[in-house]
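Asks: According to TrEMBL:
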REPEAT    11-94  repeat 'Solcar'
REPEAT    110-199  repeat 'Solcar'
REPEAT    212-299  repeat 'Solcar'
């Protein structure tokens, strides 16, 4: 009996990881054009704004230019989203089993607090992957062009960061605040999505599987807005720490120091710079992620 239960749990876990990976691929394919425009605006002055960048890239390089450098994010983000959904569903099933025992089998439904905790645990499980992946991506996005380039590619960036002066202090710089960001972000992301899905099912007296895809996408998009509004100040500090110099050029000594300097020099608004474009990107990316994961789970279940 125990072997059967273990096999079922393994099967569920593999399905969760697979659906998450597919959702991660969708996330990259939807979000990559936004990222390309963002990187161009960050690293060159030849564009007057986002619309000008889109127009010139399309005219001079063609539509495929919006998907340059997609391979690395596909692998990295695909793995991250796979871990997010795998860890969330594992924690959800653990809470369901705990509730069934404490309620004597009457009801195993999670409380909204438990949904938040399951999402936060998913974020924590994701951090060892997301922290170095995002650090490398940020370094690649913000490095100078041409002869001033610091890194020849992602692998070269990983090698150099790992020696600056070590893996922990270099490649994993900013991980302290990433733990906080990931826990808060994914706790709120999964909680808000589940709240909207369950409210819809209850309001219309239907099962989760009967909720149409367009509604899943809409709820996923709104959950993406919640994710960033709830965690954006942490993300700002993470970006500051992961674009900081090394050795004598290092500006922020610790996460606490980065928070303090930002508050002194920029005030409260310093923690919200760039929130507009982030929220604009979050809606379609999060909508596509949740819709793809739900659709995949329905297909393989």
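In case you wondered, yes, glycine gets a Cβ from its N, Cα and C as well.
Keep in mind that what you see is a predicted model, and the values were worked out from it rather than measured.
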Asks: Count up the helix, strand and coil residues in the repeat 'Solcar' (11-94) according to DSSP, in that order.
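Replies: Residue counts for the repeat 'Solcar' (11-94) by secondary structure: 74 helix, 0 strand, 10 coil.
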Asks: If you run through the repeat 'Solcar' (110-199) with DSSP, how many residues end up as helix, strand and coil?
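Replies: Per DSSP, the residues of the repeat 'Solcar' (110-199) fall into 73 helix, 0 strand, 17 coil.
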Asks: Just to confirm my parser: what is the rounded mean pLDDT across the repeat 'Solcar' (212-299)?
Replies: 92
